[in-house]
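Some features that TrEMBL has for this protein:
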{"type": "BINDING", "residues": "40, 65, 138, 139, 165", "note": "S-adenosyl-L-methionine binding site"}
């Protein structure tokens, strides 16, 4: 929310999900972190849009651990909605999101506009329209997840894009492997995008882990985040045909340089070395399965 408010990228919907902090920003959100968020948003968006264009939007997106993400609304504004867009998170998070959607017309109106057919199905832990579904489920149990998604008209024959941003790292390696295996075996044509930590075995990575542990935040799956190779290997071992992984410094160097210059002028970056270290400890990985040669 803070990054959007100072102009790193545009997101007219985040204000309806996240309150503006009273102080200017939390002290730990320094310039380096904001640029990391910027690279993440643009890097993930680039892959999502490439998938949508390749399939001509004749596909579905499943956003795993979606939280308060606003992608559905932004895609609708860009006229890039897939046939169906699913979001999954813990029932408690979903209940909060449903409350926000119901009480804020700028969120509910686009759902109603894209809906055709009978009235919306909505209860405390799920919302289902013809183009958008919000599902309360625990990603660690893929049979329960599949059952709930199918109830909301998941079509396993459609090309499917699954997105997980800082989600798998909170599961044990076995649990995330099960989820990846389920996705690879369920959809004949699919892509999986994963954004999370990498290079976590060095000193900088260890300090990151310690800082998170101090806040009672346990990265149960951190051992898979050893390197770009370990990230790719996990995808290939669990049924995906191709896998790629690049750190966020690399992503940052691929972004349109005129825009990078613009965001670098927004605030003074005093610790360039720290910024580079931070960017080298996050990555975007993507894998695909492609029985129809898209």
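The backbone N, Cα and C atoms fix where each Cβ goes, and this holds for glycine too.
Keep in mind it's a predicted model, so treat the numbers as computed, not measured.
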Chain-internal residues near residue 40 (S-adenosyl-L-methionine binding site), provided their CB is under 8 angstroms and they sit 6+ positions away: 165, 195, 248, 251, 282, 284
Neighbouring C-beta atoms (10 Å sphere around the C-beta of residue 165 (S-adenosyl-L-methionine binding site)): 19
Largest separation between Cα atoms (Å) of residues that the record links to S-adenosyl-L-methionine, namely 40, 65, 138, 139, 165: 24
In the chain carrying residue 138 (S-adenosyl-L-methionine binding site), residues 6 or more apart in sequence that have Cβ under 8 angstroms from it: 90, 144, 145
Fewest other C-beta atoms within 10 angstroms, as judged across 65, 139, which are the binding-site residues: 65
